[in-house]
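Per Swiss-Prot, the feature region 'Pyrophosphorylase' maps to 1-235; the stated evidence is sequence analysis. The UDP-N-acetyl-alpha-D-glucosamine binding site feature in Swiss-Prot is assigned to 9-12, Lys23, Gln76, 81-82, Gly146, Glu161, Asn176, Asn233, Arg338, Lys356, Tyr371, Asn382. Residues or ranges marked as Mg(2+) binding site in Swiss-Prot: Asp109, Asn233. Taken from Swiss-Prot, the feature region 'Linker' applies to 236-256. Summarising the annotation, Swiss-Prot assigns region 'N-acetyltransferase' to 257-460 and lists sequence analysis as the type of evidence. Among the features that Swiss-Prot reports, active site, proton acceptor is placed at His368. Positions annotated as acetyl-CoA binding site by Swiss-Prot, on the basis of sequence analysis: Asn391, Tyr392, Ala428.
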Amino acid sequence: MALSAAIVLAAGEGTRMRSNKPKVLHTFAGKTFLNRVMDSVAALNPDTLAVVVHFQAERVAEAARSYDEQVTIVNQDDIPGTGRAVQCAMAQLTESGKIDGPVLIAASDMPLLDSETLHRLVEFHTASGNGATVLTTILDDPTGYGRIIRDREGNVLRIVEQKDANRSELAVQEVNTSVYVFEASVLAEAIAGLKSNNAQGEFYLTDALETAKSAGKVGAFAAPDPLTVEGVNDRVQLAALSKTYNRRVCERWMRNGVTILDPETTWIEDDVRIGRDATILPGSFLQGHTVIGEDAVVGPYTTLIDATVDEGAVVERSRVQESHIGARTNIGPWTYLRVGNEFGEDAKAGAFVEMKKTHIGNGTKVPHLSYVGDARLGDHTNIGGGTITANYDGVHKNRTVIGDGCHVGAGNLFVAPVEVGDNVTTGAGSVVRHAVPDDTMVYSENTQHNVEGWKPAWER
């Protein structure tokens with residue numbers, strides 16, 4: 001199946017989103033609308049992939065290039081409409097070389113448009129010998145969509161936009177999805193004669209189908225799953241589609257052996273991976289490339305972003321980002337793990353602990369009320385409550401190293417850079433500024449002063 005070109009339409013503002021950014025840069029299940037559609041289109045390996053931009057053109061172009069450096073960016077001029085967008089794209093593509101064969105055109109506001117549906121559309125188009133083929137679907141409520149008007153034999157006559165449709169046309173439930181395949185020669189002829197004779201004063205790409213009938217057969221292929229071609233025009237639709245899709249994602253994981261107690265409050269993005277017999281408790285958000293091992297327990301009320309949680313680990317009421325939680329390690333409740341933490345096995349970070357860029361050894365515990373940053377903690381070390389690694393000197397982040405088998409007292413302060421050996425014990429309230437050798441007890445002498453008869457200022 002050779003695809004000469006694919007054109008992604010991303011020029012619109014999306015005014016109903018009421019947003020300061022283009023609609024195509026809003027996210028759905030962890031990816032922008034634009035990137036999701038580009039994913040699906042690119043899977044068909046078109047000879048050329050083009051993205052048409054206009055509103056906040058540079059911003060959208062940058063997002064497209066970050067996905068594919070080789071993408072062709074087409075700037076639509078101030079003449080409105082999808083038909084004009086395709087005119088601009090074809091003019092630029094034909095300048096670069098001959099376009100000969102099927103051309104796929106897709107809107108970029110359908111976040112669930114999948115490569116399988118597109119593949120079947122192109123196959124149907126080619127097998128039917130069509131000059132043009134439109135991807136359609138049947139909706140119980142077709143409000144807002146262009147209607148597919150057929151003749152008595154079922155051939156596609158035209159597509160009528162909602163604002164231009166009469167009463168009988170509005171009753172039609174088969175709708176246009178804004179995805180098409182044209183033969184390049186048919187498309188070139190069809191878009192050449194487009195006019196703006198409509199309520200919006202735009203160049204509609206849908207009008208090209210009527211012209212295409214004179215140059216070749218026009219057909220329609222119905223998407224097997226209406227959800228894959230459902231568009232998003234406002235935030236209400238975005239929320240509804242997100243909820244429906246997330247329910248499907250949760251059901252898929254449950255059928256694969258994962259316990260999800262409340263799918264309504266559990267959100268799982270596409271690139272997440274979960275092992276068998278893991279349990280996801282209510283209020284959990286699993287994002288990015290998070291990986292959860294077998295028998296792990298996540299939640300309730302936990303956010304994992306690009307995190308790895310090994311088998312048997314527990315992460316409760318916590319936020320974890322780009323960190324690795326070792327097997328049978330316990331995190332939480334109310335733990336904040338910033339980027340770059342690496343936990344060994346059977347370790348612990350407890351209540352109101354914050355960590356970043358720290359290695360935590362096997363069996364090591366930081367139970368509560370501590371900040372540990374830019375540090376390395378050895379195996380089987382216990383960190384007392386209220387311990388702080390003072391890692392920032394105002395210019396640089398400095399490293400703290402605490403060895404194996406250490407017992408750190410409550411309320412300790414480690415002034416980095418500092419290194420503490422193995423089997424060291426520190427007294428409560430110690431301030432450790434200098435290196436401590438192995439097998440040492442260290443404490444700070446802080447003299448206590450009692451001022452008798454003291455009264456606070458407001459009582460004097």
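Placed from the backbone N, Cα and C atoms, the Cβ positions cover glycine too.
Quantities reported herein were computed from a predicted structural model and do not represent experimental measurements.
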>> Rounded to a whole angstrom, what is the C-alpha distance between Asp109 (Mg(2+) binding site) and Lys23 (UDP-N-acetyl-alpha-D-glucosamine binding site)?
In response: 7
> What does DSSP call Tyr371 (UDP-N-acetyl-alpha-D-glucosamine binding site) in the simple three-state scheme?
Replying inline: strand
> Which of these recorded positions is closest to Leu9 (UDP-N-acetyl-alpha-D-glucosamine binding site) if you go by CA atoms: Asn233, His368, Asn391, Ala428?
Replying inline: Asn233
> How many neighbouring Cβ atoms, not counting its own, are there within 10 Å of the Cβ of Asn233 (Mg(2+) binding site)?
Replying inline: 14
> When the Cα-Cα distance from Ala11 (UDP-N-acetyl-alpha-D-glucosamine binding site) is computed for each of the recorded positions Asn233, His368, Asn391, Tyr392, Ala428, which gives the smallest value?
Replying inline: Asn233
> Here are some recorded positions: Lys23, Arg338, His368. Which one has the most Cβ atoms within 10 Å of its Cβ?
Replying inline: Lys23
> Hey, of Lys23, Gly146, Asn176, His368, Ala428, which of those recorded positions are within 10 Å of Asn233 (Mg(2+) binding site), Cα to Cα?
Replying inline: Lys23
